[in-house]
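Following: one structure in structure tokens, then a few remarks.
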Amino acid sequence: MSDRQQVTNAKGERIAIVAGLRTPFAKQATAFHGVSALDMGKMVVNELLARSELDPKLIEQLVYGQVVQMPAAPNIAREIVLGTGMDVSTDAYSVTRACATSFQSAVNVAESIMTGNIEIGIAGGADSSSVLPIGVSKKLAHALVDLNKARSFGQKLQIFRRLGIKDLLPVPPAVAEYSTGLSMGQTAEQMAKTYNISRADQDALAHRSHTLASETWASGHLRDEVMVAHVPPYKQFIERDNNIRENSDLSSYAKLRPAFDKKHGSVTAANSTPLTDGASAIILMSEGRAKALGYQPIGYIKSYAFTAIDVWQDMLMGPSYATPLALKRAGMELEDLTLIEMHEAFAAQTLANMQMFASKKFAEEKLGRNRAIGEIDMSKFNVLGGSLAYGHPFAATGTRLITQVCRELKRRGGGTGLATACAAGGLGAAMIVEVE
């Protein structure tokens with residue numbers, strides 16, 4: 001059996017990435033304060049359809065995701081279909097794979113095209129850290145269920161008497177891993193210590209990311225892949241990411257205190273991604289349908305892979321596990337790639353993965369390979385800046401990476417690119433795209 005992955009339909013046609021778009025990414029409680037993930041999702045899909053001049057009725061499937069769930073609209077994909085002029089019979093379902101969510105939605109649509117079930121679909125993801133599902137305590141939740149069944153006033157009063165003041169306080173969403181109780185920041189600290197990653201190196205990577213992102217915006221390269229978002233009640237708008245440090249000064253990074261390990265830590269707010277709001281989406285088609293409709297795809301999916309590792313120690317190593325699998329399925333080695341886009345959740349996590357890419361020992365002990373994945377050429381790596389600068393709306397990052405690497409390859413005359421990310425739960429995702 002061949003290790004090569006056939007990302008084609010029964011006719012041998014490739015899976016085309018026809019277009020991609022995102023909202024600007026905004027820090028929590030700024031430009032998108034009060035705007036839900038659903039509203040941002042509808043916003044970006046509407047604009048994507050308008051820009052591509054694609055009849056919404058031609059969309060056969062929409063797969064969309066979010067990480068911070070909205071109890072009022074748990075199937076965000078279906079609500080986007082109903083709110084964007086698509087046919088009401090359009091297949092729509094929602095997915096979640098933590099920070100790799102829109103990698104998953106893209107693969108799901110691609111696989112629907114590969115099997116011949118559809119020829120045109122949309123994938124993406126959105127998250128709001130400003131519109132959060134605020135919960136109640138377990139004791140209050142239990143009491144509310146009992147109240148619903150209580151018949152007499154006396155029974156209801158007895159239920160209320162079981163509650164203390166602290167039981168009435170709202171409960172914010174958990175930021176820790178359910179199975180371990182560790183936050184992503186604590187995991188990044190683990191990784192910094194495990195792989196001896198210095199504070200100076202973390203700050204330097206963050207500075208590089210912000211500097212490149214600022215230069216990219218100034219060059220106009222992102223104009224066609226980032227929409228202008230008009231925010232309800234439509235008296236203001238946001239046209240670019242607002243987390244990027246313009247004129248980033250490396251010396252200023254050293255002034256911040258550690259955020260997670262106050263005494264001995266090195267992970268700070270400056271070398272971590274902030275909580276972010278935003279949405280992104282891509283249009284996928286069979287190669288033949290794209291050609292018939294007159295589109296010039298921005299890229300094609302060559303291979304993809306998902307992996308999982310233990311969550312107790314250094315769980316944000318997903319790229320180091322998913323990338324070699326995607327490369328193997330594409331029949332490639334790291335040095336064959338033209339560009340590499342790796343999600344920068346934290347500088348420590350990014351540097352740890354880069355270190356393990358170059359480690360023969362890691363490859364032998366963890367991957368069963370007789371050679372390292374390869375040393376990353378920094379002239380190919382996150383050349384437009386990364387998540388440390390742009391921000392990270394969890395479910396939107398995957399399709400942001402895919403669109404960004406495809407469009408940059410197009411500007412450079414084509415080639416192959418890797419988009420890869422770590423994710424909570426010890427998950428990893430990688431996708432290799434080819435651009436003509």
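Positions of Cβ are set from backbone N, Cα and C atoms, glycine also.
Annotation source Swiss-Prot lists active site, acyl-thioester intermediate at Cys99, citing sequence analysis. In the three-state DSSP reading, Cys99 (active site, acyl-thioester intermediate) counts as strand. Cys99 (active site, acyl-thioester intermediate) is surrounded by 31 other CB atoms, counting those within 10 A of its CB over all protein chains shown.
Annotated active site, proton acceptor per Swiss-Prot: His392 (among others), in sequence order, evidence recorded as sequence analysis. For His392 (active site, proton acceptor), applying a Cβ distance below 8 Å and a minimum sequence separation of six or more within one chain yields Phe25, Cys99, Thr273, Pro274, Thr276, His343, Ala345.
Here Swiss-Prot flags Cys422 (among others) as active site, proton acceptor. The number of other Cβ atoms within 10 Å of the Cβ belonging to Cys422 (active site, proton acceptor), over all protein chains shown, comes to 33.
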